[in-house]
Structure formats: structure tokens, C-alpha cells
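As recorded in TrEMBL:
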- 1-22: signal peptide (SIGNAL)
- 42-330: domain 'Tr-type G' (DOMAIN)
- ASP124, THR125, PRO126, GLY127, HIS128, ASN178, LYS179, LEU180, ASP181: GTP binding site (BINDING)
Amino acid sequence: MWRAAGLVGRCILATQTAPSMAATVFRAAAMSTTAGGVIDPRRMRNIGIAAHVDCGKSTVTERVLYYTGRIREMHEVRGKTGKGATMDSMDLEREKGITIASAATYTQWRRRDAEEDTHINIIDTPGHVDFTIEVERALRVLDGAVMLLCGVSGVQSQTMTVDKQMRRYSVPRITFINKLDRAGAEPDTVIEQLRSKVQLNAAATQVPIGLEDEHKGVIDVVTMEAITFAAEDQGARPVYSSDLSGLPSELVDDAHLKRGMLLEALADVDDDIAEIVLNDEEPSVADIKAAIRRSTLAMNFTPVLMGSAFKNKGVQPLLDAVVDYLPSPLDVVNTALDLRNDEASVELITDASKSLIALAFKLEDGPHGTLTYMRVYQGTLKKGDFVFNVSRDEKVKVNRLVRMHAASMEDITVAGAGDICATFGVDCASGDTFSSSRDVWLSMTSMHVPDPVISLSIKPKSSTNSAKFSKGLGRFQREDPTLRVSYDDKTKETVISGMGELHLEVYVERLKREYGVETETGRPRVSFNEGATTKVPFNYTHKKQSGGSGQFGRVIGYIEPLTDEEVADGETFVFEDATVGNNIPPQFLPAVEKGFREAVEKGPLTGHPIVGVRVVLQDGLAHAVDSNEMAFKIAARSAFQEAFLEANPIVREPVMKVECEAPSEFQGAVAGQLAQRKGVVTNSETMGGYVRLVADVPLNQIFGYSTDLRSATQGKGEFSMELLEFRPVDGQTQKELQEQFAKERSAES
């Protein structure tokens, strides 16, 4: 089985304790300017909000901005005004009611008993799997995250993807169960799913005061306070009360039960709280909060909060938890690679006085030029400074420095260690590392970029728009590493490849809106790939003599499949030079590698790329006169093609994890449709009168499914999907693909 993943290492220092909360009245922090200087990293949180689509990420962010004083009025994702949520600044986002691109903002929040504000950088990410790269690059640079779940739907497919991404980048998270106002909300069931499905040591730090229409607030089981929210002030001034006598006795009993479960979960992973519990002592609020913080930073525990952002309940306690439990930049150990010392790992120091190390993690073209989002890991980035692009060996000037607030920006003069900012006019690529000078050759590790799974041909309807068409696609490709643009020499067509139908549809629509280019597109095509299954040696000589200097090159070695561990690290092709001596002169080795890499671009079975293969070059032979780069490149390419055909080659296809939800009475119809599309149901469960079916379905069988699902469920069914893995196709499909490719080659000749 074929899986794609990536690993980026960092760890969290679980040493800080959280201050206690004692005040009883909510007080919003006044917004303060940060343009004048560097922010103390101890008072900083860099967080992302991530979840399955339609769990309320943008709504939660909207409430956060409102309650912290960052915006003066709230707007809904699908509000009547048509303005949309603040962070959804793209017209397409407001029309579709989904987040397409991650958006950054910042705010300040002061906990109830704190004397100073905490600066919070926030990145709101898309929930749709087609835009998963936005989550990848956000989590790559963030220190902590809020994972949202729907109180009705619970753990969904993209929840699992987000969990993998958080683990990949070692990002601690707190969890917020949203939408407790909806019919069928069951937070206890959701927490059990977190423990059983996501394998998280999760426990509630709150219990709801009522559910659905009766949802009024929560009981904090750490402080044993009731927190209620009034509709009259849009929940802006929550009321905290330690007097629980007015609440139903069964609710108070449940709060005590959940407190015991919280302490038990903490005692399993935290020695200090375990000692207190084993001694039959009652831990203080400060003890519990300190244990939650330590365990969260160590990624051994996930505190669970709850509420309803749409009904303005539970957001302020969530903000307190961000400050109390998520790491500051000082709590995170980040490392870079020393390019002048065999890429040795170097620990970075979150200190503004050190040499600058910053990572460009996102590019975005706008009316003022190219905007480059930066995370400063060490040192300071100042307006007017010259900095060194380590990845390109170039010196560039920082002409303008800004903080982002969705689509708007605010100029600043400096950004210190731990901060997130943006610059204009810096020519670079996503993933480039910047340092203070050429004396500092440190490079940050890159993020995981998944391979495309779907393609379609595209061309402008009018040839007069060709220049704008090329400009638009060029820009989109720079901004989005998962969008690939290529030219098919065989069909003379431009082909765009991406993560799904919606992904490509959005870029087709953006060409029309942002560049005025109407396009014609072909049918979606699945991105198959080829692979070897056995180890095969090669010993190939390329020899050509036609008078004068000829061509001669011999290569000896073997090809083999990559290991599961290498595949998990995101490797697709590995070339290893294991030669001893100079039978192949060193100047020809790059040509040999190039020949092998060219060979895997187009497989001999179906014409699709070859992935998951290692080539080991062991020996070879050169001729004093006739050997040259071209000869060795041809020898390598031909050697690979011969060996690959003997390596029991297979064709793989993308298999999607499809999650369908529909009223329970339609379960049979939905299961039948999935079976017709070669789907294998792997799980089913019922929640709140709805059934959820999870199935593995080949992507090639998914096209047009949404229409069929709506028809079979009277418009009440919906589905989401994500790439599960690449699997070998069945024998009949492979035969058809090979026959089709053979016909195409015959037609060319």
C-alpha cells in the first residue's frame, strides 16, 4: 500500500505553569498597538484553528475577534448582509460559505486576573480536504492549535487528517466541541470518539449547561464555576458563579464526575498530579491548570472545551485556555539545518538579539505586489534591513513590513523572534529561509506537500487571452504548491493538476474573476502512478559510433521499491551513488542521475509517473574519447526502463476515504451506491437520527457522485473525502490503461 506523508521534528518544553483565574467578571482587552517594538514572546501565542469542513472555524474566529475588540461587529459566514465572516475575504469564499485560503490576523486577550495582554497571532484554515496545503503550511509555523469538532457529527474524516498534520509538526492542541445548540448534540459521545478514534488522551474541562435550545453555558470543572452567556449582549459579558445551587443536581453531579475523570486522565501522564491524587489530597485549581499545561505541551493530553460560537457561548473561556494551556514561542524547540556542516541540526533560540532566522511559508499576489508571509524564529526582522535568502543565495531588502488582518494590513517597523508578519517585494519561494547575513547558513526544514490526485486540460476560450491565462496560472502555481501546471506534448494541451475537483474548479473560477479569462476544460482525469515491487539489477551499455567522436557510457547497479518508512517520510524517488573509484568520472555522475530522474517522469506501462523507487548506482565504465554527459544520461534512462519492466511493475490509483452522512432511512441506498462504485464500507455509525458510512472508494469511481447521492437521499445526504493512499489497480483496470497507452503511442508513430 502506498501512503504519502512527511515528518518535521520539533519538541515542546513543558515547563511553564499556568496562572490561576480568580476574577468573576469578563473584561475585554483593549487593543494596543504593537507597531513600535518587539513583542515579548512570553506574552505571545501563535495558533491555528483547524477542523473538518463546516465545523464553525470562521464563526469561532469571528467571535474571537469581536470579543477581543479586534472588530466592532460580527458577521456570519452565510449572513443576510452578504458581507461574510471577516477572515473569508475572497468573494468565492463568501459565496460558497467555505474557507479556501488560510487567512492571518492578530489580536490581544487579557485573562480575568491578568495584568497584561497576551498577543495572539491566528491563522484560520480551510476545512475542505482539497485545500489541505493551507493547513499544512499553517501548522508548519504555528506553536499551538485549536481543533474544532461538531457536537453532532463528532470526529469526521478531515478531523483525522488534521490530527495527522498536528502530529507531523508536533503541534499541541486544545479541543473545542462546537454547535451544542444543534439538535442531536452529544459532547460526551464526541469525547469518546476522540479517545477511541483519534487515540487522544482527552478529557472534558467543562460540561454543558443544557443542550440544543436549552444550551445556556458551561460548568468549568477545574474551578467548579458556572459560566453563562446572555443573548442581550451577544454573549459579550459572561457571568461566572461558584454558586451551583441553582443548577439541577444531576448536572452538578455530572460536573463532579467529569472533574474526577479529568484528574484520572492527568494522573496517567503527569507525575505531580498523580502524587496528589494517590495521596487522596484535593488538588488546587493552580495544580490542575499547571498539570493540564504541562501535559498539553508534552502532547500527552488534550483538554476539551465546548459551547456554541454561533449562539455566542463558550468563546471567552476558550481564549483563556489558549493563554493557559497552549505554548508560547519560548516553550517550543525549533531546529534548523547547518548547510555548511553536513546539515547538522542546530537548535534555534527565541531571542530578538540573536542572528535572524525566518521562514517564508506562504506567497500571495495582490494589488500591491507579492506578499510573503514570514515566521521569525530567531533574531529580528526590520523594515529597511537587507537579509540573506539562504535557499537562493541572494541578498534582498525588506522595503515594507506588515501585520495581516485578513485582507487588510497594518505597517510595522520590526518583528521579533516568535512573531508572524508579512513583507512586500521579496522575490522568493514558499519554504525559503532568510538569515541576517551570508555568515549564517541555516535552513529550516520544509513542509509536507501532497501529490496531486486529479488533472484536467484547460485552455482560454479566446486566444487573445493567452498572456493573461499564462500569467494567472503562473501566479496560482507560485502561491499553491499542490497546484501543478504542465504541458502535454502529445495532446498540445495545458494540464492543471490538484487535490480534487473543487480545488481545480476554484482556480478555473479565479481565472475568470481575477483575470477576465473564460476557459474551456476537459473531463477530470485521475492521476495514476507506476511502481516496482521487486529488486532488479541492471548492467547497461550505451554505445554509438557513426564516424568521429561517438557515445559510450555503461552503468551498473539495481532498482528496488522504497521502504514503508521512506514512503511515510514523503519520498517518491531516491538516487544513491554507491560507486567506488572513478570508473564513471565524477563529472558524469550528475548526468547519470538526471537520466534516471527523466526515466521516472513517464512510466512504460501507462505513461504515468513512476514513484516509490530507489536507484543504486554501483559501478560503470567510461571511454576516454567517446564518453560524455549525453551518453551517460541515455545509458541511465535505458538501464532503468529495462530493469523496471522486470521488476513486476504495477499501476496504482488514488483511493479516497469517503464519508457519507444521511438520514438513517437512506442507509441501504447509500451503501448500495458505494458498492456500485467499487467502494468498500469500513465503518458505519448512527448519531442523532443520521447514519455515517465510511468507505474506501477509488477516485476514478467518484466523479458525479454528489448528484447521485442527493438523488438517492432526497437532497438530504452529503459526503466528504480525502486521499487515503495509492493502491494497485485491479488486473482489468491495469490492462485497459496499458492498452489505451499503447494505442496512443501507435497513433503518435
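Just so it is clear, glycine is given a Cβ too, placed from its N, Cα and C backbone atoms.
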Given the binding-site residues ASP124, ASP181, and counting only Cβ atoms in the protein chains shown, which has the most within 10 Å of its Cβ? ASP124
Taking 10 A as the limit, how many CB atoms besides its own sit near the CB of LYS179 (GTP binding site)? 24
Drop a 10 Å sphere on every Cβ of the binding-site residues PRO126, HIS128 and tell me which sphere holds the fewest other Cβ atoms. HIS128
